[in-house]
Amino acid sequence: MGGLLTFEISGIVARHLPPSMSTEAAPLLPTQIEQGDISIWHNINEIIYEAKVSCLYPVRRAQILEYSLIFVSAVSLGHLSTEALAASSLSSITATVTGLSVVHGFASALDSLLPQAWTSDQPEKVGLWAQRMVIVMFINALPIAAIWLNAESILLRLGQEENIAHLAGLYLRWFTLSLPGLIIGVVARRYLQAQENMHAQTIVMTFIAPANLFFNWLLVWGPPSFRLGFVGAPIASSISFTLSAAIYVVYACLFVSKKAWHPIGRQTFQGLGTLYRLGLSGTGQIASEWWSWEFLGLMSSRFGATSLAAQSVLLVSASVAFQTPYSLGVSVAVRVGNLLGSGDARRAKIAAETAIGMSIITALAMSTIIMAFRESWSFMFNKDTEVAQLVASVLPLLAMFQVVDGATAVTDGVLRATGRLGLGAMVNITAYYCIGIPLGLYLAFWKNMELKGLWVGITAAIFYAASASMYAVSRTVWRKEVENAVQRLKHGQEGRLGQQGQQGQQGLEP
């Protein structure tokens, strides 16, 4: 994959399509199959085709490369000291709760609009909604920046240790510089993905990931004239996010069709309320889960620096393992959205079900790897034997819930594609705040299980969330979702947020 030379995903998939499935105009969106008797072999062929589409979308590689921006920072600071790793974990928790979850939550609203717009008769609305989202996010960035710039005093008032609070506040002050690049990057990525251009993220991250590794080495561990120590990590991350945004913009301007672009004008500043409604629901879906994880991190700090360092290792490990199913969730959100926009309810259903099955298989493989190396896993991050022993005792729980957590990632993508972000938010809020956190706190503090008790609670929450979201997807009325997609594009409405639609046999058959 040299330079910016890349094959369009449609061309790749076309080579794998049975002749009966391909079309000259849109190889990724085959014409809807005539209703009637369909053999089991035809259904199997369709499932295999959808699996190929999911595999050929190179989102997984891109997600892993993108997550390395955070992973490298944690590893780099972890080898400075256990205290530095604990401060890195605390700053990551604070950034996620107060800012990153909001940015990604609002960006998820675009999954309910952009893919459907691209395959409709108004593809220029892809650019229009993307422009509006940039405006909304920059408005949101103002209070986020204010919190990050004053993080040290906030953390001290919350009872954190003085030295760790100081380092975490220092990290966040420098990390504030990443906000503009982060916002532009997440919107540009969805703008390109909606057009079935999944290679852009991989291309950008192929440049940025090694650059970030170099910046971390140079600014944290490099020659004395460049070495900054602890603050070098957030500066390296800010540089990397800014560079990635610049490359996305250049790529979109030079290597993508202008069909999806809308001229910037008065319309750009209209319809922001729709994005706020969808964005708040998306934030509820994403932030309710993310915040629960970060709350557990804050609670783990009550057990000392060793537990907080172990929590950092476990959280990064869970996030790395989550990248493959999360990538499938991104792919299925685009795929299902495109199919709904083109009016193909039947194939949207098949695409969703195939992706769920693939997520379970890949998560099983990752769980096996984690269990095989659980005794030595922690040494990638830190040489502290106490941290390693604590991590090894919790990793079996992490390996167990990976399977259902992978399925949840895909079902969340389906709910975003169908505009049901409110339903996803309700499932996650119930799972984490009615089940996971209360159970975890009870086991950790009242039963003295400490960090392991917190993870038992989060495991229970994930099992509940997976069951509820998979049931919701299984009862989806796919013909109705096609109509809802048309209405969202026509009227700029958020759709049936929080509703599951009709039940019964109609919900099972499009």
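Including glycine, each Cβ sits where the backbone N, Cα and C put it.
Residues or ranges marked as transmembrane segment by TrEMBL: 133-151, 171-188, 200-219, 231-254, 355-373, 393-415, 427-446, 452-473.
Using a Cβ-Cβ cut-off under 8 Å and counting only residues 6 or more beyond its ends in the same chain, the transmembrane segment (393-415) has close neighbours at 111, 285, 310, 314, 317-318, 321-322, 324-326, 328-333, 336, 352, 355-356, 358-360, 362-364, 366-368, 370-371, 374, 377, 421, 423-424, 451-452, 455-456, 458-459, 462-463, 465-467, 469-470, 472-473, 476.
If one looks beyond the transmembrane segment (427-446) by at least 6 residues along the same chain, the residues whose Cβ comes under 8 Å of a Cβ in the stretch are 284-285, 288-289, 291-292, 295-296, 299, 452-458, 460-462, 464-465, 468-469, 472. Sequence-distant neighbours of the transmembrane segment (452-473) (same chain, 6+ residues past either end, Cβ-Cβ under 8 Å): 289, 292-293, 296, 299-300, 314, 352, 356, 393-394, 397-398, 400-401, 404-405, 407-408, 411-412, 414-415, 420, 423-424, 427-428, 430-432, 435-445, 500.
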